[in-house]
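> Have a look at this one before I ask anything.
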């Protein structure tokens with residue numbers, strides 16, 4: 001990436017306890033250091049995506065929550081999602097189908113510079129992941145790997161202070177999966193971002209190399 | 001939760017996150033007000049004069065005289081019977097045909113063909129379909145011409161009362177062919193929700209015939225979903241005015257037509273009679289729905305016995321073919337009717353029993369184009385305003401629901417159906433009386449708002465399914481990229497749903513175009529549309545002019561749906577996923 005790595009601080013999940021209808025779903029108390037990946041593992045229904053939604057600011061009010069989310073020591077628990085600067089990636093790239101590749105990236109890019117400068121930033125970002133000249137392409141015409149890379153770029157261009165990953169590699173085929181894992185973790189490392197990774201794939205945890213939390217629970221959700 | 005979690009302690013105190021509030025709450029409130037207020041105010045507006053209170057005419061003492069007058073009106077028993085019968089027969093027939101067809105043909109190629117036919121059939125207004133049917137089955141109609149002089153032996157049209165028959169058979173037929181596509185659409189929307197496919201497979205694997213498998217395993221949950229639309233059909237069919245004027249009996253006419261006559265009578269003292277009639281119409285529709293509920297209970301009892309008997313009913317060939325034939329007949333009558341209208345609109349001299357006009361001419365169209373300009377503009381204006389207003393309100397209400405995380409409750413759904421469950425004439429009559437006393441009748445805004453009452457439910461029903469089907473993670477991504485909730489609405493949801501929005505607008509437009517009674521009553525004759533003009537021609541108008549006017553009426557909704565299909569394709573011509581309806 002062309003933009004300089006930003007000084008980011010830790011993402012802290014401080015004494016977080018999430019429960020539903022009086023039953024405790026999960027309880028986490030953990031600080032993710034800059035550049036570190038915390039992997040939360042567990043089968044579906046264990047509440048791992050719930051934790052991610054809480055950190056991102058999307059948790060449904062039917063859940064009862066204790067605890068706080070701190071970013072660089074700042075309490076962001078009550079902040080709306082758009083003011084948290086948490087980059088989000090799902091298992092689907094979810095590129096906006098009505099925008100071009102450049103349109104998707106410009107949508108993510110923070111405002112501030114001139115139109116030309118924004119276009120240049122987008123082009124440079126594309127070139128860096130081997131997708132030069134793709135600006136005008138329709139997302140529907142891209143391969144799965146290309147879409148995944150553009151989704152990552154879109155998130156990074158919004159200058160997040162932490163990354164939240166919800167099984168981001170599970171829908172890619174095996175060869176592509178390794179490649180994307182490396183790309184995502186490298187880019188997060190370069191930027192010194194704390195990463196919260198939620199997955200049920202042990203290989204994701206191994207590739208991430210950081211601490212792992214296992215959640216119990218069976219799937220009746 | 002699973003076993004591993006059950007050992008977790010139960011927390012005694014919980015801090016709930018606050019449900020976000022939004023100033024968008026104005027939208028659902030406006031919707032509720034615009035849908036419920038006119039109906040309630042209209043019924044009250046009819047109730048006061050019905051009980052003798054009509055200060056405009058100096059009547060200020062409450063009395064039952066209007067009802068006494070209503071009971072004494074000549075032929076009122078026949079009128080009531082006709083309305084009740086039309087309501088229940090239409091609904092029963094449409095229900096049998098649609099359920100029979102779905103049971104017998106679900107998952108086949110024939111089914112897919114009808115699935116595609118449904119949109120054009122639905123978009124034909126009731127009045128145009130009724131005219132088409134009249135031109136087909138009249139003594140001098142196309143069917144009789146096809147049978148004459150051989151084998152019928154007629155050299156002149158027989159002196160039979162087919163259209164306007166005293167038993168209301170033609171009127172019921174006209175209603176049935178239009179309610180079938182409506183009910184079919186409602187069934188199509190509900191089928192995936194009741195998991196029809198796996199249920200059918202399971203029942204057939206147990207050895208049940210196709211029709212029996214459907215009736216025993218899919219119909220019960222499907223029917224629960226179709227109940228409100230069915231009630232709406234009952235209320236509509238037992239109080240219809242435009243179809244009744246075109247095809248229905250005249251001596252005496254069904255109740256709704258007679259109310260309209262009393263209401264329009266220069267003798268103002270008949271107003272209280274009309275008001276009593278409006279209340280009677282409301283009671284009649286309620287009674288019809290109660291009868292239907294009794295029928296429902298009876299059928300459920302019989303069904304439960306049959307299900308417990310274990311009979312497999314594998315020989316259902318006759319039922320299957322009957323269902324296919326009646327469905328085809330219903331669709332065929334509407335389409336053939338339109339073709340007949342088209343032929344009449346360009347016919348020169350056309351003697352009986354010739355099957356084809358002696359000459360073709362555009363004279364009719366020339367005169368229609370010259371005279372129909374005003375009503376056409378009015379129709380486009382009213383339909384355009386009411387459908388756009390309905391879409392704006394629907395989008396606001398849905399966005400409110402999404403932002404606050406609420407869900408549509410059953411209560412809200414009944415409010416949505418309220419204007420469709422109460423007979424139009426029952427509350428429009430009273431609403432008109434109120435507007436007259438406030439001197440607001442005949443205002444464009446009043447007409448548009450009256451249309452909105454009927455347009456909005458369809459627009460919301462059509463929009464809410466694609467709205468809720470949109471992957472919520474798109475919005476989450478956009479929010480985490482730093483975009484506000486407003487930006488998500490304008491830049492993500494709106495463009496991604498452009499196709500659904502265009503379709504909903506076209507549906508609202510089509511509903512508005514087909515409305516007769518609200519335009520006539522609330523418009524106070526100052527806003528004639530193609531629909532009011534066409535229906536007015538039904539009483540002894542020139543055949544060719546009538547045909548051309550009805551065709552224009554039928555063409556407008558079609559035009560709307562055509563534009564709706566083209567617009568997103570043009571806007572997003574370089575985005576494959578948008579063109580494919582994604």
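Don't overthink the numbers, they just go from 1 along the chain as shown.
Heads up, the Cβ atoms here are built off N, Cα and C, so glycines get one too.
TrEMBL does not curate its annotations; it predicts them automatically.
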> Identify the transmembrane segment range according to TrEMBL, selecting from B:225-256, B:321-352.
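When B:225-256, B:321-352 are checked in TrEMBL, transmembrane segment belongs to B:321-352.
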> Which one, B:24-56, B:205-223, B:321-352, B:545-572, has the most C-beta pairs under 8 Å toward the transmembrane segment (B:273-300)?
B:24-56
> I'm a bit unsure how to read this: which one of B:379-400, B:412-431, B:443-463, B:500-525 has the highest number of Cβ pairs shorter than 8 Å with the transmembrane segment (B:24-56)?
B:412-431
> Report, as numbers and ranges, every residue of the chain located at least six residues beyond the transmembrane segment (B:117-138) whose Cβ falls under 8 Å of a Cβ in that stretch; write 'none' if there are none.
144, 157, 162-163, 170, 173-175, 177-178, 181-182, 184-185, 188, 240, 242-243, 246-247, 331, 333-338, 340-341, 344, 510, 513-514, 516, 531, 534-535, 538, 543, 546-547, 550-551, 553-554, 557-558, 560-561
